[in-house]
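Presented below is the structure to which this report refers.
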Amino acid sequence: MDTKGILLVAVLTALLCLQSGDTLGASWHRPDKCCLGYQKRPLPQVLLSSWYPTSQLCSKPGVIFLTKRGRQVCADKSKDWVKKLMQQLPVTAR
């Protein structure tokens with residue numbers, strides 16, 4: 001195999017590894033839970049059990065509230081209603 005062929009195979013292999021996220025760097029830096037959008041209306045505290053912050057690696061910083069039914073709801077941590085709920089509910093370790 002000539003040099004161009006070897007180079008082409010190496011580049012294609014590297015691209016496949018990066019795309020699949022199988023490399024150590026790609027999977028190690030991937031945050032577990034990020035918010036893609038935020039809950040717009042305030043949530044009643046009676047429906048919630050706890051909360052935890054999103055990873056600092058997420059593009060949208062937020063808070064994830066856990067409901068008593070086991071659902072997760074993203075909220076903007078800069079909103080007053082979110083700050084109030086964060087003070088009233090326990091933090092869940094994630």
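Just so you know, glycine gets a Cβ as well, placed from its N, Cα and C.
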Could you pull the disulfide partner of C58 out of C17, C34, going by Swiss-Prot?
C34
Consult Swiss-Prot and report which candidate among C17, C74 shares a disulfide bond with C35.
C74
Among the disulfide-bonded residues listed here, C34, C35, whose Cβ has the fewest other Cβ atoms inside 10 Å?
C34
Under DSSP, is C34 (disulfide bond) part of a helix or a strand, or is it coil?
coil
Can you tell which of C58, C74 has the most other C-beta atoms within 10 Å, given these are the disulfide-bonded residues?
C74
